[in-house]
Structure formats: C-alpha cells, structure tokens
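Engineer: Before anything else, here's the structure in question.
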C-alpha cells in the first residue's frame, strides 16, 4: 500500500510539475507581446537564478560549488542557451500547442543521442520507436507541403538544444544539487538574452505586465523543477515518468483557452505519434532495467 501511495503521490507531483512548465510557456509567450525575446530571456534568467538561489538557501544547501564551472557544465550551459533562444522564439511567433508538441520529442532524441554519442545500447524496438517519433515531428512540421509553418522549425531547433542539454547533464560532475544546476542553467540566460538584444537591435521596454509575466514564468519554472525532482524521488520511475507527457495536454489546452489556438488534425495526429513513441521507449527502458 505504501508503494502504491508513493507512486500516486509521485504521479500527482509530476502532473503538477508539467502543468507548471506549461504555465511557464504561457506566461513567457505573453511576455513577448510587450518586449523583445532577448529581454524576456534576460528577465527569465534573472528571476529564475534568484529563485533557485532562494531555494538552495531555504534547503540549507550551498549555492556555489567549484564543479559548477566544470567544462561539461559550460557545454550544458551552451545547449541550454541554444534551446532557450529557439524555443522562446518559437512560442513567441508559433502556436503554443505546436511548439509544445514538438518539445515532447526531447526524450526520444536523448535516447538516440545517448546511443550515438555515449555508447548506450538501444535495441531495434526502441530504434523503431525513435523513427516513429521523428515521423510524428515531421507530421507537425510538414516540410514541402502547403501547411508548412517555418516558425515550427524554431521549436524543432529548441528541442534539439534541450536534448543536448539533457545529454550534457548526464555527463556533468556528480554531486551538484538541483538548485546549483538550476542556477547554472538560468544565469546563462542573462548574457544570452543580452546578446540576442544586441544582434536584433531591439530596444529595452519596461511594461509592467510584461515584467510581471516574465516573473511569473520564472516562478512557475522553479516550482516545476522542484515538483519534478520530488516526483522522481517519491515514486518508481516506471510509474511516474509517463506523466511527463501530461505537459502536452496542458500546453494544447492553454493554447486553446488563452490564445484561441485550434490545432488541426495533422498536428493532433503527429502529437499522438510522438506521445505513443515516447511512452513506449520509457516503458521499454523500465522493463529492461528490471531484468
């Protein structure tokens, strides 16, 4: 009964974390209405870093560690910056539901990357699921067809950046706390956003609603990472991890309610293919661990 209740609590925490991530995207998209993407990233980085510093202090953990400047952490930061730039650009100009759906392919790309670059063994069944997941992404992108939306490519590039970040995290020094990793990830967004502002030539704007939306996005992000960590520590991985994909439901729902989006049949079908492929890979990995 205890294991069941732990799994149930873990699933609830995971679902809440995914809802918080979807809210982060919603607030960030709203922020880009009144400010440039570069400025939104700067504010997200400032508020997010402050949030993780506060989280570390509340937990009594050190907020600085020499391992935070390890070369592999710089590699992780570079992927984080790339992922954030392209994904934030995507949600600024593309439907939130489309960007969220493409983002769900991140775990699939991580498995493929781990096999190609880190020597992890991946069987033919999971390779077929990986190919199916990429097919789902192509169904959303629709390259060469009349329904092709070039802005969706930004979400695809952002997804690749986040997949690289997750792979770099696997190779990162052990022993860093979640707050320290969060500080590394969000502090890099400040210079990243500033550089984007310089390159695009966009001016700084100070609209209260935009700053508020950026602050709320940061708050949701810190809450989401905290909930995600709690979920993974609370329940069995095989029982908790599949609930990651509830982010797709929240993202599509918020896109429809807040931004009046209406995903077409091909987008929904592609999302379903990505969801099925990702779930199969997760369940297959879990089954192999038990053997």
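Cβ coordinates come from backbone N, Cα and C, glycine included.
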Engineer: Ranges 151-168, 241-258: which does TrEMBL label transmembrane segment?
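Structural biologist: The range carrying the transmembrane segment annotation in TrEMBL is 151-168.
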Engineer: Grab the same-chain neighbours of the transmembrane segment (126-145) for me: Cβ-Cβ under 8 Å, and only residues 6 or more beyond its ends, written as numbers and ranges.
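Structural biologist: Result: 98, 101-102, 105, 108, 111-112, 152-153, 156, 266-267, 269-278, 280-281, 284-285.
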Engineer: Going along the chain, which residues at least six beyond the ends of the transmembrane segment (211-231) come within the CB cut-off of under 8 Å?
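Structural biologist: Hits for the transmembrane segment (211-231): 10-11, 13-14, 16-18, 20-21, 23-25, 27-28, 30-31, 34-35, 40, 43-44, 46-48, 50-52, 55, 178, 182, 186, 240, 243.
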Engineer: Could you count the residues of the domain 'EamA' (9-141) that DSSP puts in helix, in strand and in coil?
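Structural biologist: The composition, in the requested order, is 110 helix, 0 strand, 23 coil.
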